[in-house]
Amino acid sequence: MALRFPRFSQGLAQDPTTRRIWFGIATAHDFESHDDITEERLYQNIFASHFGQLAIIFLWTSGNLFHVAWQGNFESWVQDPLHVRPIAHAIWDPHFGQPAVEAFTRGGALGPVNIAYSGVYQWWYTIGLRTNEDLYTGALFLLFLSAISLIAGWLHLQPKWKPSVSWFKNAESRLNHHLSGLFGVSSLAWTGHLVHVAIPASRGEYVRWNNFLDVLPHPQGLGPLFTGQWNLYAQNPDSSSHLFGTAEGAGTAILTLLGGFHPQTQSLWLTDMAHHHLAIAFIFLVAGHMYRTNFGIGHSMKDLLDAHIPPGGRLGRGHKGLYDTINNSLHFQLGLALASLGVITSLVAQHMYSLPAYAFIAQDFTTQAALYTHHQYIAGFIMTGAFAHGAIFFIRDYNPEQNEDNVLARMLDHKEAIISHLSWASLFLGFHTLGLYVHNDVMLAFGTPEKQILIEPIFAQWIQSAHGKTSYGFDVLLSSTTGPAFNAGRSIWLPGWLNAVNENSNSLFLTIGPGDFLVHHAIALGLHTTTLILVKGALDARGSKLMPDKKDFGYSFPCDGPGRGGTCDISAWDAFYLAVFWMLNTIGWVTFYWHWKHITLWQGNVSQFNESSTYLMGWLRDYLWLNSSQLINGYNPFGMNSLSVWAWMFLFGHLVWATGFMFLISWRGYWQELIETLAWAHERTPLANLIRWRDKPVALSIVQARLVGLAHFSVGYIFTYAAFLIASTSGKFG
């Protein structure tokens, strides 16, 4: 018999129903469950797939560069970054009528185009790219890297080049390589690029390979480095009147600590960023030489962890046993990596708008909104994934004997206390926050707004003041001109920093009031509830009082039949599934808050946010309804405009989202009946019944239907908000 899909599971391949296809797709990447898998092949497959992933990333980024060079307007944007709309790529659509062609022909283009809201123009401009030729060169280089990655992936699957399991489990070598080789060297290389190419470009000097060795980044070259006069590199920075990209007002410094923003570009000083990357490079290059490999010196990770036994014995055996537990579990390692990456991605979202690194990006409001929202959603999915793999670790890889009385075992031993505390925090936050919102809502509805309960966030205001914000009147730390902290930084970074914090045109330490206090606690409710569901799912993954043998059923099971009532919805997968809804809900509140606060700031009517954000109807009417009105006006006598595509996407997003409920609310029996009726009709319809299928059609399993429903819910939710966000922002600010 010919091999049928899936080849990795002979049991599934012989299944006579459509379950073969869906289960095959569902388990395609679960290498551990495949036939004939060995630990060695598992590690090698994952290693090779990493190169495939890199190839895809390089190909994708190469495509960005190529399409902007081919169809964009980078060179004219460079001449006037604040007024020319950056073009992502052309739109080719044979169905377009003349009104559509006119509506989407903008940014100086000859035909319909998409505007770029990704910030790539600002990024490329900041790092020294200036011409389409530069972009083509970059695209070709990335294409080359993509090909190299594919070759490397293929190579490491060949018998002679397959790494051994011991190589994959050599923790110290991997740490040294990643810390020094990847983070350290790449940060140093980036410092070099900023100093040799980007900073000269910001001062009107065009450095490329042909003059790279002739143009000194600093008048004194390497002299100050070798004579120990490093402070010379910080002297004579760009002046506050510097015009970015020209020599006018430019200085000669390359590594500075100015603080604050470049007055014209509203972004961090390039020389500050070069200095930052040099410091990061130094730290990581040192860190990457700390672990014991070939020379018998340095730390051993196992010794480090085994030595971590807290004195007093109150935390048992501390970190004993953790080295082997982590080093032998890919799910544990993936969980740690995803947790770290998720937090970093969220930090990127927060810092990209408050401390913009790219020239002129702060004045491109739609791009700011899109990048914040994009990174927060990505962070949410990555963080929930961390807990999913944590749960799979507990089910598949955790060994109680190996971890007796260490911190991991103790987490499991007192999971009831952890879960109940999280539950208490969620309930407290939920009832109090909703209570305040509802009270205020009723007061507004009855025409007595003065009876609202409005709480000033005094602790947060105090923290902002400690960092130098003076408008609240707290005389503390950096907002106190007499304090030692103020005087210590006065001669270096502090003037630039204080200027940035107290200038109301940027997003650094926005002024906060009762509306912020309330939405902060609503977001805290969402974060704690999402965490509660995820933590409970992982800690109860092996078993609970209700179902002590849960680990024997695996990661995702629907129920243990009718014999044990109450075992439905308690698999670790079900916890992940529920948590994703809460994650999306929370990030919805986060992005609503960020976007509304910023559009009122950009429009100069902050009082709208301050007055309307303290009650629910304010959010519904003055944020959601008011800003979606352009997207829901249907056909009008003015015909098509450039927001029409977002109006369509807004509608389509709602459709996809609503489709999710079809899978979430009706289960197998309903679908099985429907499928059998459809199959009956098909077999009795002339012509149609000439088409037969080999697999008997059966309904999706409960778990699969939930996954399909969750996927539609998530995609529709994000599509809808993306269209709303981009249209409402670009409709106001271009």
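Note that Cβ sites are derived from N, Cα and C of the backbone, with glycine treated the same way.
Note that the structure is a prediction, hence the values are computed from the model and not measured.
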TODO: Looking at the candidate ranges 100-124, 175-199, report the one that Swiss-Prot labels transmembrane segment.
DONE: 175-199
TODO: Measure from the Cβ of TRP671 (phylloquinone binding site) and count the other Cβ atoms within 10 Å, all protein chains considered.
DONE: 17
Open item on the list: In whole Å, how far does the CA atom of TRP671 (phylloquinone binding site) lie from that of CYS568 ([4Fe-4S] cluster binding site)?
Closed with: 19
Task: Close approaches to the transmembrane segment (369-395) from elsewhere in its chain (Cβ under 8 angstroms; 6 or more beyond its ends) - done: 117-119, 329, 331-332, 334-336, 338-339, 341-343, 345-346, 348-349, 352-353, 412, 530, 534-535, 537-539, 541-542, 551, 554-555, 572-573, 575-576, 579-580, 583-584, 586-587, 590-591, 594-595, 598, 718, 721-722, 725-726, 729
Task: Cα proximity to HIS654 (chlorophyll a B1 binding site), best match among binding-site residues CYS559, CYS568, TYR670 - done: TYR670
Task: Euclidean distance between Cα atoms of CYS568 ([4Fe-4S] cluster binding site) and TYR670 (chlorophyll a B3 binding site), Å - done: 18
Task: Other parts of the chain folded back onto the transmembrane segment (707-727), taken as Cβ under 8 Å at six or more residues beyond its ends - done: 26, 117, 366, 369-370, 373, 377, 577, 580-581, 584, 588, 591, 595, 627-628, 630-631, 643, 646-647, 649-650, 652-664, 700
- [ ] Just jot down the residues in the same chain as MET662 (chlorophyll a B3 binding site), at least 6 apart in sequence, with C-beta under 8 A of its C-beta; none if empty.
- [x] GLY709
- [ ] Sort out the sequence-distant neighbours of CYS559 ([4Fe-4S] cluster binding site) for me: same chain, 6+ apart, CB within less than 8 Å of its CB, listed by position.
- [x] THR567, CYS568, ASP569
